[in-house]
Amino acid sequence: MMHFKSGLELTELQNMTVPEDDNVSNDSNDFTEVENGQINSKFISDRESRRSLTNSHLEKRKCDEYIPGTTSLGMSVFNLSNAIMGSGILGLAFALANTGILLFLILLTSVTLLSIYSINLLLICSKETGCMVYEKLGEQVFGTTGKLVIFGATSLQNTGAMLSYLFIVKNELPSAIKSLMGEEETFSAWYVDGRVLVVMVTFGIILPLCLLKNLGYLGYTSGFSLSCMVFFLIVVIYKKFQIPCMNGEQNSTVSANVTDACTPKYVTFNSKTVYALPTIAFAFVCHPSVLPIYSELKDRSQKKMQMVSNISFFAMFVMYFLTAIFGYLTFYEKVQSDLLHKYQSTGDILILTVRLAVIVAVILTVPVLFFTVRSSLFELAKKTKFHLCRHVLVTIILLVIINLLVIFIPSMKDIFGVVGVTSANMLIFILPSSLYLKITNQDGDKNTQRIWAALFLALGVLFSLISIPLVIYDWACSSSNGEGH
C-alpha cells in the first residue's frame, strides 16, 4: 500500500528522478543529527568519522550534502498519512468479517502499536548511524546484503501496491462504464471486460506516464488519493443507513436465516481468517517513506518525528476501523475483499462518483510507484545514466509482467495475503528490529531495549512461519474444491 501508499514528499520525488550521471553521489541523502555541536552516533562509518564533527563544518557543507528540514509538523503528519493510506483499506471489512469485531479490533490495535514501535526502532537506527535513507541504512549496517534485502522488500511492497491498484481498475471500471451506459451489472460485452480494460488503461494511460523521465506534478497526486479515500469512508458510513441487510437478497428460502446473517459476529474463525493479519499489515506499511519525511521535518528530532508517527497512525487507525466496521455492518458475511466492488453504482450517482474518483486516483498513483521500482532496479544494476532504449524496454517489460499478474490473480485478498506475509512483515517487524540489534550489539546499556527488539523480531518470524503455510493451504483447498480463491 490507497500507499495511497506512496508518501510523496520532496525527497522521494528527487530520488525518483533519473540521474544524468553513472557515478551519482548519494551523499545528499546522508543526513547527520547534531546535538550540541557533535554527532550523536556510536555506529558511524569510517568515511564519516574522518570528517570534522562540528557545527561550523556542517554549515560549510554544500547544500546538497546537508539540507535542514523545512516541512512543518502538520504537513509531515499529512505526508506520513499519505504514505500509510493504501488500497489495504478496501480489504479491511473483509478481514473483519472473517475474524469478528472483537478479534479484528485487537489485531488492528496490535498492528498499529507494533508499527509505531518499529518506526521508533528505525528512528533510533537513523540517529545512531546518521543515515536518512532506508537502503543506505541497510547497507551501512549489513553491507551489500542489507541494501539488497531492503531494496527487495521495498520493491515487492510497491509492486504489490501497483497490483492492487490495477486490480481495482479491473474490478471497478467495468461497473462504472455499465453505470454510465445505463446497463445492469449482468450486461456483458468485450469493452466491459475488466481484463481488456486494465490492459487498455495500462498501455493507453499508464505507459505514457511511466515513460516520462521524471514525475513532475504527477508526484503530488497523493493528496488527491487521500481525499478520495476520505470521501469513500464518508460514503461507506452514509450507505450503511441506506442499504438494508442482505441488500434485498432475502426470499422465502433464506428468510429463516436473515436474522442470523444480519447479526454481527464478535469472534469468527474460518479458512479466510488467515488473510486478516496480512491485510492489516499491508495497510500499515509506510516505512520506506519514514526517513525521507524525517529528513524534511523542520527542527527535526527523534521525539518530534515520533509525535508525527503517533498522530498519523492514530488517524489512520480511526479511519481504518470506521471503514471496516461500517462496511461489515452493511454487508456482513457477504462483504468482498474489495469493499467498493460490493456497492452497485447503477442509478446511484454517489457511488458512481466515488468509484470514478478512486479509479482516477489509482491510475495516477501507479506511475509514482513504478518510478520507485524502476529507479531501484537501475541503481542496483548501476545503470543510473539515462538511456532511452533501456528506459523504454524495462518499462514495457515490467508493465507486461504486472498486467499478466493482475489478469490471472483471482482476488485482492491474494495480493494482500502474499505481500502482507512477505514484504510488509519484513518492513514492519524483521528489518527494523534486525538493524537495531546489529547497531546496539556492543552497547551494554541497552540490554532491556535489545530484549524487546529481539522479541519483536521473533514475532515477525513467527508471523511468517504461521501465515505463509496457512495462505498456501487455503490456496490448495480452494483449487481442489474448484473455487476461486
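Glycine is no exception: its Cβ is also placed from the backbone N, Cα and C atoms.
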LYS147 vs CYS477, membrane side identical per Swiss-Prot: no
Disulfide-linked residue for CYS245, taking Swiss-Prot as the record, within CYS210, CYS262: CYS262
Position flagged as phosphoserine [Swiss-Prot], chosen from SER52, SER252: SER52
N-linked glycosylation site per Swiss-Prot (candidates: ASN79, ASN257, ASN310): ASN257
ASN23, ASN251 - the residue Swiss-Prot records as N-linked glycosylation site: ASN251
Annotated phosphoserine residue, as Swiss-Prot has it, among SER56, SER301: SER56
Selection from 149-169, 311-331, 392-412, 415-435, the stretch that has most Cβ pairs under 8 A to the transmembrane segment (75-97): 311-331
The transmembrane segment (451-471) and the transmembrane segment (189-211) contact flag, 3+ Cβ pairs under 8 angstroms: no
DSSP three-state assignment for CYS245 (disulfide bond): helix
Selection from 113-133, 189-211, 274-294, 392-412, 415-435, the stretch that has most Cβ pairs under 8 A to the transmembrane segment (149-169): 415-435
Among 113-133, 274-294, 392-412, 415-435, stretch most in contact with the transmembrane segment (189-211) (C-beta, under 8 angstroms): 392-412
Of 113-133, 392-412, 415-435, whichever stretch has the most CB pairs under 8 A to the transmembrane segment (274-294): 415-435
Neighbouring C-beta atoms (10 Å sphere around the C-beta of CYS262 (disulfide bond)): 15
Neighbour tally for CYS245 (disulfide bond), based on other Cβ positions within 10 Å of its Cβ: 17
